[in-house]
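As annotated by Swiss-Prot, signal peptide applies to 1-20. Annotation source Swiss-Prot lists disulfide bond at CYS37-CYS195, CYS40-CYS183, CYS93-CYS155, citing similarity to another entry. The feature region 'Disordered' is assigned by Swiss-Prot to 199-239. As annotated by Swiss-Prot, compositional bias 'Basic and acidic residues' applies to 201-212. The feature compositional bias 'Acidic residues' is assigned by Swiss-Prot to 213-225.
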Amino acid sequence: MGPVRLGTLLFILTVYGAWAGTPKEEEDDTERLPSKCEVCKLLSLELQEELSRTGRSREVLELGQVLDTGKRKRHIPYSVSETRLEEALENLCERILDYSVHAERKGSLRYAKGQSQTMATLKGLVQKGVKVDLGIPLELWDEPSVEVTFLKKQCETMLEQFEDVVGDWYFHHQEQPLQHFLCEGHVLPASETACLQETWTGKEKITDGQEKTEEEEQDQEEEEMTNTPVHSQHDPEDL
């Protein structure tokens with residue numbers, strides 16, 4: 001049986017715009033960089049998730065020193081402290097490296113944590129003894145892709161640029177979702193906010209209007225890849 005080439009993956013690659021926010025034709029989504037909307041969306045999701053994790057802490061912080069001034073230390077609940085925000089922001093963009101490119105999904109949904117369906121399919125083929133040639137060693141398959149590395153760098157840039165806005169939200173506007181306050185209110189023009197409305201349902205639509213689970217699609221992809229060896233010049237990091 002011949003090696004499975006990247007061309008077979010074109011059956012499951014989808015379409016979306018590039019960093020400038022300008023939509024492209026559907027044929028062009030196999031190789032692209034994340035949009036500004038996608039960067040802001042993931043930054044907001046990661047920060048709110050981390051703050052949600054620490055929000056129920058009953059710890060009380062003591063601030064200031066008594067010494068000879070006669071002033072008492074201030075007691076501030078950790079849940080509303082600047083310390084909590086600083087700790088949530090620490091290594092925030094590093095956590096973006098936990099994401100993978102799920103090329104079988106549309107738009108901003110292609111960026112999600114965990115192994116992509118496509119990569120799971122390819123590893124399943126390898127376990128079955130099929131020779132899969134991605135042009136890189138097997139041990140490098142799980143390294144962060146160019147897209148994810150770009151996401152992380154742009155996250156750092158955006159966080160530095162809008163640090164004061166994030167602080168304003170934390171101390172004064174937490175009744176609003178951060179995604180709305182930061183991305184829609186400060187980072188993006190109204191014409192570039194479409195990705196914020198995209199949500200993942202866990203199911204994919206197929207042509208006859210029925211729905212297919214990821215497990216069913218993975219089995220079908222393995223069968224297609226096994227039976228249809230094709231050559232391609234596409235970057236393996238799109239997986």
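Placed from the backbone N, Cα and C atoms, the Cβ positions cover glycine too.
Distribution of Swiss-Prot features across the structure.
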| residue | record | Cβ within 10 Å |
| --- | --- | --- |
| CYS37 | disulfide bond | 25 |
| CYS40 | disulfide bond | 26 |
| CYS93 | disulfide bond | 22 |
| CYS155 | disulfide bond | 22 |
| CYS183 | disulfide bond | 24 |
| CYS195 | disulfide bond | 24 |
CA-CA, which of the disulfide-bonded residues CYS37, CYS40, CYS183, CYS195 lies nearest CYS155 (disulfide bond)? CYS40
Taking the Cα atoms as reference points, how far is CYS195 (disulfide bond) from CYS93 (disulfide bond) in Å? 19
Work through the disulfide-bonded residues one by one (CYS37, CYS40, CYS183) and name whichever has its CA nearest to the CA of CYS93 (disulfide bond). CYS40
Whole-Å Cα distance, CYS37 (disulfide bond) to CYS183 (disulfide bond), is 7
